[in-house]
Amino acid sequence: MSEHGIKWACEYCTYENWPSAIKCTMCRAQRPSGTIITEDPFKSGSSDVGRDWDPSSTEGGSSPLICPDSSARPRVKSSYSMENANKWSCHMCTYLNWPRAIRCTQCLSQRRTRSPTESPQSSGSGSRPVAFSVDPCEEYNDRNKLNTRTQHWTCSVCTYENWAKAKKCVVCDHPRPNNIEAIELAETEEASSIINEQDRARWRGGCSSGNSQRRSPPTTKRDSEVKMDFQRIELAGAVGTKEELEVDFKKLKQIKNRMKKTDWLFLNACVGVVEGDLAAIEAYKSSGGDIARQLTADEVRLLNRPSAFDVGYTLVHLAIRFQRQDMLAILLTEVSQQAAKCIPAMVCPELTEQIRREIAASLHQRKGDFACYFLTDLVTFTLPADIEDLPPTVQEKLFDEVLDRDVQKELEEESPIINWSLELATRLDSRLYALWNRTAGDCLLDSVLQATWGIYDKDSVLRKALHDSLHDCSHWFYTRWKDWESWYSQSFGLHFSLREEQWQEDWAFILSLASQPGASLEQTHIFVLAHILRRPIIVYGVKYYKSFRGETLGYTRFQGVYLPLLWEQSFCWKSPIALGYTRGHFSALVAMENDGYGNRGAGANLNTDDDVTITFLPLVDSERKLLHVHFLSAQELGNEEQQEKLLREWLDCCVTEGGVLVAMQKSSRRRNHPLVTQMVEKWLDRYRQIRPCTSLSDGEEDEDDEDE
């Protein structure tokens, strides 16, 4: 192989780079990637189109179904010169027309008859193009799908394209028409498709002239008349159509350039469900793909089949829609093993990313000696009151998908830690719900953001702020931590002293935990998070570590109140958030929106409007003992009355008619962040569309069958 042959040419600047280069040396453009996704080749009658293609070039001798655009692959030699040789030039405007055109496409001038001395090659009539190799990725694009159209018959009711062996439409169950009607319908569609393909190729011009060459079918009289009428009509809007095609082509190219291997495998699996190809689903599963993944707007646009694909659809939705019972059994098994969940952050990834950017923009660092990071916005997440308007079966499905039932059971039934007061949970509408989140070391950060903004800390924005605050304000937090640990040990009768080096080693370990994504966090990190939020954090948790046999191993020390004591009180909010702790896992505890009743609590006239939701969070446990306040200094430590006084200074407290000391958490849908409100509405719309009488496994009816 020569030196020229082993190099790859850049698709932007045409510079020839060495094979080891992953980017262009001149313009730094990314090296084009090859074919990624393959599936079994179609068994069509027009398989001779790709006869010169070697199946061994792809894995398993299969041909690709969905792959990146041809612009993202290494360039192949174009057949542009061959196409131009077969075209005839108009004697009026010199436009190069297709050989079968009897009039000029641009000026509609009559084609001149061939001169007796003119060679067949120059005129283009009667000459046959030389066979060439077809790009496998372009063999199955929209233009070459004309060759496989004979395998399908179109339903006369819903226009769905069914396979040839289907006796009735798989969407609407309409019986297949007789052979004469089917042939006429197929001919009509083929004629219109040919017209559209000619139009597309003409407006793309030289940009698309290097694509796969097609063999033209014999032109009938009816086709000629239709094409002539179509050409006359389209000339008026030619410029606008060309610009729209160019914009659409550029947009699709940008989307394809952002796609990764997993994305192509997912799209291939979606098409595999529609076409009945189980191998595509197996390929996606074997790559570690998420079965519950949903289609985005860009992916739907790339698939370009609105009748089959819609935003938010999963593989399960598609299997139900197209009645793939064998695939549905496999997919539902996978989803059940993953204990499928659907929280608001999962429904709309685009809104979730915008919320993450809002959080990052609202993080600022305080100037001065105490250079701690803080959030500028006060946001409290609550479950929408519209949930109660849903049918009972739909409500049960919603709670199964958004709540952590195991945590809820452990905090409510196994130990009376939350919702133990009937007065708070029922009469005052302050029942707490444990939201599901990732069961990893990031659960504390996830639960904090879920209790405020309703999303995960996926990009570790909050973890980075936590680490930077601990590092920049290390002296302040270290002093509080050291004094608290010494007092806590002495309160249990453990009288010991550590060298300063040992204290420093333990503190360095706490700092290292904050910088490692996925690392479990401790009480000190909750104390720092209270300063970042500028609001108190109340943790309701189990008191003891237990083994798998149920044996008590030690105290957990997480339950209690964490106040932002190092800030000024005027700089902080008094509305707290609540977290739950069970066996090494944190969960966000949120309430449901209520009507904002007045005069709730003994002598407490709230004087609030109906839009404000007030949740009463108990500051005592089920035994009516005051919750511990963590990280108090020696001057702030005292008896229970002094700690209650401190709580009243940092929280809006009141006593209910039952004598329970509570803190008021206030939230308002109208004053909440609009992105959070929009995300919750989109999530709730998913359940509003579910019919209560459904018998489908995923709880959704196929609402669009009649629109197909």
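Each Cβ is built from the backbone N, Cα and C atoms, and glycine gets one as well.
Here Swiss-Prot gives region 'Disordered' for one range in the set 38-73, 578-613: that range is 38-73. Of the listed segments 84-113, 474-503, 624-653, Swiss-Prot assigns zinc finger to 84-113. All protein chains shown were included, and the count of other CB atoms within 10 Å of the CB of Cys24 (Zn(2+) 1 binding site) stands at 20. Note on proximity: of the recorded positions Cys10, Cys13, Cys24, Cys443, the one nearest His585 (active site, proton acceptor) is Cys443, by Cα distance. Rounded to a whole number, the distance between the Cα atoms of Cys443 (active site, nucleophile) and Cys13 (Zn(2+) 1 binding site) is 48 Å. Each residue of the repeat 'ANK 1' (260-290) gets a DSSP state, and the totals for helix, strand and coil are 24 helix, 0 strand, 7 coil. For Cys443 (active site, nucleophile) paired with Cys24 (Zn(2+) 1 binding site), the C-alpha to C-alpha distance reads 42 Å. His585 (active site, proton acceptor) falls within a strand when secondary structure is assigned with DSSP.
Of all the recorded positions listed here (Cys27, Cys443), the one with the fewest other CB atoms within 10 A of its own CB is Cys27.
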